[in-house]
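Novice: TrEMBL lists these features:
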- 1-19: compositional bias 'Low complexity' (COMPBIAS)
- 20-29: compositional bias 'Basic and acidic residues' (COMPBIAS)
- 38-104: domain 'Catechol dioxygenase N-terminal' (DOMAIN)
- 1-29: region 'Disordered' (REGION)
- 100-135: region 'Disordered' (REGION)
Amino acid sequence: MSTTAHEAATAAASGASATERFHTDKSPYDAVRDVPAERVDTLAREVLDAVHAVVRKHKVTYDEFNALKAWMIDVGEDGEWPLFLDVWLEHVVEEVNTEHREGNKGSIEGPYYVPDAPEQGATGTIPMREGEGGTPLTWTGRVTSTDGSALGGAKVELWHADSDGFYSQFAPGIPEWNLRGTFTTGDDGAFEIHTVQPAPYQIPTNGSCGKLIAAAGWHAWRPAHLHVKVSAPGHELLTAQLYFPGDEHNDDDIASAVKPELILDPQTQAHGTASVAYDFVLDPMKG
Ligand code: MBD
Ligand code: FE
């Protein structure tokens with residue numbers, strides 16, 4: 001795939017905008033204000049122990065140590081810490097925080113969620129541009145609790161990249177809420193969403209994460225995916241991603257975020273459109 005200068009600038013901006021977004025939406029220090037010192041001690045010490053073990057095992061040189069320092073400084077200056085952490089660490093955090101669930105499998109949030117996307121009702125079309133690229137996709141589904149009861153009034157927040165692989169509010173030149181919408185299930189828990197299929201996504205290659213990828217000889221691709229957050233009163237929030245069959249990166253996702261249960265089974269319809277059925281089962285909150 002050839003990359004134009006515009007696409008390159010767009011990709012770089014996306015990585016950095018995620019830092020800005022994180023600062024506006026989250027108060028991470030509030031959340032850990034009361035974490036006991038023993039917990040901080042354990043986590044910080046064991047991370048350092050693990051790094052020390054790598055240094056010893058591979059006899060890391062001063063040139064390598066200094067390259068690491070320079071690179072970490074750059075990641076901060078580029079605003080790519082959210083991108084780095086979401087791509088290479090979040091999948092394990094997601095795993096250990098959801099392994100008790102009986103309902104749907106989830107996946108990572110990634111760096112490009114924005115809360116309060118425009119409400120579309122139970123049946124609606126996600127905000128999109130005139131002539132938006134990508135195969136039109138109709139998605140029908142239901143939200144239920146683990147006991148099978150319908151969850152009416154559940155929220156399905158959907159956000160995804162466009163057919164060039166770019167997210168609104170992170171890449172310039174895209175209308176604010178493009179391909180971002182909130183759907184609310186009817187009394188029967190059902191919803192019907194009209195959108196377009198996103199393209200496979202390449203994480204920005206011209207920032208610090210890209211430097212690491214190039215230096216290590218990795219690739220930068222995520223398979224095409226739809227992001228969702230599904231919520232209902234009294235139930236645990238489900239954050240997930242849905243994938244398309246046959247994508248070459250389903251088995252080789254840079255963010256390690258694909259699970260077999262999250263791969264859709266879309267059917268091709270007349271006029272080259274697609275339809276898909278996918279339901280969500282939410283776990284009731286315990287206690
Ligand atoms: C994405 O679109 C994404 O979903 C993740 C997890 C990381 C980078 C870009
Ligand atoms: Fe994404």
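Note: Cβ is positioned from N, Cα and C throughout, glycine not excepted.
Quick caveat, the model's predicted, so the values are computed rather than measured.
Describe the structural surroundings of these features, if you would.
Specialist: The region 'Disordered' (100-135): residue composition by secondary structure is 0 helix, 4 strand, 32 coil, according to DSSP.
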Novice: What residues elsewhere in the chain lie close to the region 'Disordered' (100-135), defined as a C-beta under 8 angstroms and at least 6 residues from its ends?
Specialist: 14-15, 18, 21-22, 25, 82-83, 86, 90-91, 93-94, 145-146, 157-159, 162-164, 167, 169-170, 175, 177-186, 190-199, 227, 229-230, 236, 238-241, 255, 257-259, 261-262, 272-274, 280-283
Novice: How many of the residues that make up the compositional bias 'Basic and acidic residues' (20-29) does DSSP mark as helix, as strand and as coil?
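Specialist: For the compositional bias 'Basic and acidic residues' (20-29), the helix, strand and coil counts are 8 helix, 0 strand, 2 coil.
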